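Enquirer: Below you'll find the structure I mean.
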Amino acid sequence: MKMWLLVSHLVIISITTCLAEFTWYRRYGHGVSEEDKGFGPIFEEQPINTIYPEESLEGKVSLNCRARASPFPVYKWRMNNGDVDLTSDRYSMVGGNLVINNPDKQKDAGIYYCLASNNYGMVRSTEATLSFGYLDPFPPEERPEVRVKEGKGMVLLCDPPYHFPDDLSYRWLLNEFPVFITMDKRRFVSQTNGNLYIANVEASDKGNYSCFVSSPSITKSVFSKFIPLIPIPERTTKPYPADIVVQFKDVYALMGQNVTLECFALGNPVPDIRWRKVLEPMPSTAEISTSGAVLKIFNIQLEDEGIYECEAENIRGKDKHQARIYVQAFPEWVEHINDTEVDIGSDLYWPCVATGKPIPTIRWLKNGYAYHKGELRLYDVTFENAGMYQCIAENTYGAIYANAELKILALAPTFEMNPMKKKILAAKGGRVIIECKPKAAPKPKFSWSKGTEWLVNSSRILIWEDGSLEINNITRNDGGIYTCFAENNRGKANSTGTLVITDPTRIILAPINADITVGENATMQCAASFDPALDLTFVWSFNGYVIDFNKENIHYQRNFMLDSNGELLIRNAQLKHAGRYTCTAQTIVDNSSASADLVVRGPPGPPGGLRIEDIRATSVALTWSRGSDNHSPISKYTIQTKTILSDDWKDAKTDPPIIEGNMEAARAVDLIPWMEYEFRVVATNTLGRGEPSIPSNRIKTDGAAPNVAPSDVGGGGGRNRELTITWAPLSREYHYGNNFGYIVAFKPFDGEEWKKVTVTNPDTGRYVHKDETMSPSTAFQVKVKAFNNKGDGPYSLVAVINSAQDAPSEAPTEVGVKVLSSSEISVHWEHVLEKIVESYQIRYWAAHDKEEAANRVQVTSQEYSARLENLLPDTQYFIEVGACNSAGCGPPSDMIEAFTKKAPPSQPPRIISSVRSGSRYIITWDHVVALSNESTVTGYKVLYRPDGQHDGKLYSTHKHSIEVPIPRDGEYVVEVRAHSDGGDGVVSQVKISGAPTLSPSLLGLLLPAFGILVYLEF
């Protein structure tokens, strides 16, 4: 073996062992050269578990594998750790994909993986299982009939045929396909074994049943022979207790999966099923089916592990079942390997850590072959260590792969990519670090010289392990030419730079402490001396954070008058601006800093630790802790309240009335009983009121008897033999307790004894007392008070009201009608003589409608007529009139009937010409012929109006034309409609204009045959 060693050149050797043991050595330029930027295979697609249906007509199956690599990778496949014979006609490769023609279960079922390799190494894909799916038919034998007494539970066994895989779904046919059983609380189909369970059999269950099995993996379904079910009638069905027959077992679930538990019970009556997690709340993702028999937990997590219980219960008894869900976890990376380059001869610890449940084990592959187990450490690496590595973390539930390429670097020192700075500046009295960072592998040894003098470590000079040179307490004599030498077993190199000594930067005018009040301005001075050959900048920081003058220019401003002056102006200072300000004067060589404190006096900060104690009906005790006084003593505290009925905070009355600044407890008084409150505390000093504390938790004061009487007590009116009493309900804040209501008291005006009734609805303000013996329009005294569970409140002032008057007893006479059109009828009548009439009501309904659906029109007692509108054309209507007052309506008049007229013509007049003649327009239209169900045309109405307005001049004519004046300015609209006994028909319109024409020309002739409007001027 020969090794090429070039000084100042990089040698990267990538060694790969792939199936046969070949070794490649590659030589590179400085780092990875332009002509060689290769890398080992990186998988982009890997094979997955595949189920091939045995009855498939496709005749082939594909396992995919694709990797990215430079140069392009070569692919191989292995099955059950043996090479796949790609020379066989049964196998072919499409890219990296393996295609198996005419798959055979005996030959092809097994575990496959793909190998991708190039001259950098080889990687192995994840393993994939190729299996063959099938679902055999049910046996051809007939199923025996099943006889069950009504009211008893029963199970029909599915007994599915041989199959793979196990992900079957089950349904049951009733009598014929595709009539499937609907699951409910009484009937259940287990998706675990396929059995049909009926909690108690009914006569309606009679029929022939077949188990219908589907395999979604191979898209095949089969069904069993039909099982006759014959319920045996019972004179009386006996109840029996719940008996759980579908029981879930302990489950091992993988985190992130969906878990289904089944629980079903027989019993009469049908048992109710309840689910719970023992000693813990149910998972938030849990769902229970409508029937209650299925519990599904979606996206199960580790914290969902535990014991789950289902309980079935009916009136005769209950049954319970418990089992545990164990939640396991697929491996997941905590830390994995990545492509790495290391120096030859160095050590490498390659961390590869995974979590999972159970805890995964770690094993390693190198170039596709087993290499190591557990933690991987390489010592004194050589070229033989280069290659493609794979870290595999696996537990019971699967494996995850992390792939990486390890390259070994061998390089003589070179400064070509990173030479020393030609000029290094350092301040007198300061410290400088001169970097020396050549590329080299293995790591070189470093030495330094100044001019012709070799440097060694001393109290001022230190050569770092990475080659950097540190000089402390710099003097003018330290200036000069410095050279760094680097040497390893592959060569040596050096680089030179010049150290220039500058004057140090010094703060000559430092900021001083300041004390201001909120809203005032403050100035922080700062000036510095520095080397005139350098540029000086000032940086201000506040409490350790650099001030951004662009974002914070509202409050911060710098003085740029002199280069050596970095004065800071703080404008309109707020409490948040109090703290330590640091001025840093800096050049590219060094810096100097000085600090000062700014005190901002202002209103106090918010009190803390607010607590509510000793809650009573109208007061509560509060305690709190002092907040910041912001450099001005707190003089007093204010307690504020907010009720559930308001969004506004209000100052509360307190005991003591004035809460001194040294107090940390007080009572809020004069509160509303049985009211929800929040409280907060505000501190005040000579500079103002501060921020409020965080509001307390909402509390409710104790209840108390009402102390406010209802207002606006009155009433009267209503129906016959009624006394209506009204009041203004008390608002929620005056309820003062639970079970709030009203006590209504009333008596005849000259009576002695008050009658009292209780109204329990707190929101009502009305009570109606009915008494058939009550005389109409009788005076009563009434009063109202509120009550709650704590007692009664005061009565309101006594009000005097009258009981309801009697409804009118006379019916209107001389009722008549006049049919106005197809949609309107006018009704008139003679007034009744009774004085108690307040209004008249007209009831009307079409002959084809029921009287109960009658429409009503109400008019005042002064009216003698009313108009009924929006009626149907050519329709018979029945009409009656009654006199009314607040007690109701009296007897109706004799019912009369009327027929609306036929509908007006639906055909609009067709305007055939609009001719200008001198100072007038002549508009002509065709005669409108009414249909058989329409009113005969009796004439025409013409509306002449300005365009855009609704009002104008209305003309009536029996002719088919009309003359209208030429508009003086603007456009006018001429609307023409037919008129009939049934009303006005549909409108036609034409626009005319008074604008002059350029010459006598066509101006206004409508050619009827072609629908063309042409104009003529004479």
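The first residue you see is number 1, and the count goes up from there.
Any Cβ shown, glycine's included, is placed from N, Cα and C.
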Enquirer: Based on the record in Swiss-Prot, give the one of Cys65, Cys158 in a disulfide bond with Cys114.
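Expert: Disulfide mapping in Swiss-Prot sends Cys114 to Cys65.
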Enquirer: Taking Swiss-Prot as the reference, Cys583 is linked by a disulphide to which residue in Cys484, Cys526?
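Expert: According to Swiss-Prot, the disulfide partner of Cys583 among Cys484, Cys526 is Cys526.
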Enquirer: From the candidates Cys158, Cys263, select the one that Swiss-Prot records as forming a disulfide bond with Cys211.
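Expert: Disulfide partner per Swiss-Prot record: Cys158.
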Enquirer: Looking at 618-642, 693-717, 943-967, I want to know which stretch Swiss-Prot calls region 'Disordered'.
Expert: 693-717
Enquirer: Pick from Cys263, Cys352: which one does Swiss-Prot say forms the disulfide with Cys310?
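Expert: Record-based pairing for Cys310: Cys263.
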Enquirer: Which candidate, Cys352, Cys484, does Swiss-Prot give as the disulfide partner of Cys436?
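Expert: According to Swiss-Prot, the disulfide partner of Cys436 among Cys352, Cys484 is Cys484.
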Enquirer: When you check Swiss-Prot, which of Cys18, Cys391 turns out to share a disulphide bond with Cys352?
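Expert: So the cysteine that Swiss-Prot bonds to Cys352 would be Cys391.
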Enquirer: By CA distance, which of the glycosylation sites (Asn208, Asn338, Asn457, Asn591, Asn933) lies nearest to Asn521 (N-linked glycosylation site)?
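Expert: So, spelling it out, the nearest of the glycosylation sites is Asn591.
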Enquirer: Write down the Cα-Cα distance for Asn208 (N-linked glycosylation site) and Asn473 (N-linked glycosylation site), rounded and given in Å.
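Expert: Between the alpha carbons of Asn473 (N-linked glycosylation site) and Asn208 (N-linked glycosylation site) there are 103 Å.
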Enquirer: So what's the average pLDDT for the domain 'Fibronectin type-III 3' (811-906)?
Expert: 89
Enquirer: Could you round the CA separation between Asn457 (N-linked glycosylation site) and Asn494 (N-linked glycosylation site) to a whole angstrom and send it over?
Expert: 19
Enquirer: Write down the Cα-Cα distance for Asn208 (N-linked glycosylation site) and Asn258 (N-linked glycosylation site), rounded and given in Å.
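Expert: Cα-Cα, rounded: 34 Å.
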Enquirer: Specify the nearest of the glycosylation sites Asn208, Asn338, Asn933 to Asn591 (N-linked glycosylation site), where nearness means the distance between Cα atoms.
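Expert: Result for Asn591 (N-linked glycosylation site): the nearest of the glycosylation sites is Asn338.
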Enquirer: Sequence gap of 6 or more, C-beta under 8 Å: which same-chain residues meet both conditions with respect to Asn208 (N-linked glycosylation site)?
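Expert: Expected: Leu174, Asn175, Phe226, Ile227, Pro228, Leu229.
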Enquirer: Give the number of CB atoms, excluding that of Asn591 (N-linked glycosylation site) itself, located within 10 Å of its CB.
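Expert: For Asn591 (N-linked glycosylation site), the count of other Cβ atoms within 10 Å is 20.
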Enquirer: When you measure from the Cβ of Asn457 (N-linked glycosylation site), how many other Cβ atoms are you left with inside 10 Å?
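Expert: The answer is 10.
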Enquirer: Looking only at C-alpha atoms, tell me how far Asn933 (N-linked glycosylation site) is from Asn338 (N-linked glycosylation site), rounded to the nearest Å.
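Expert: Here the two Cα atoms are 92 Å apart.
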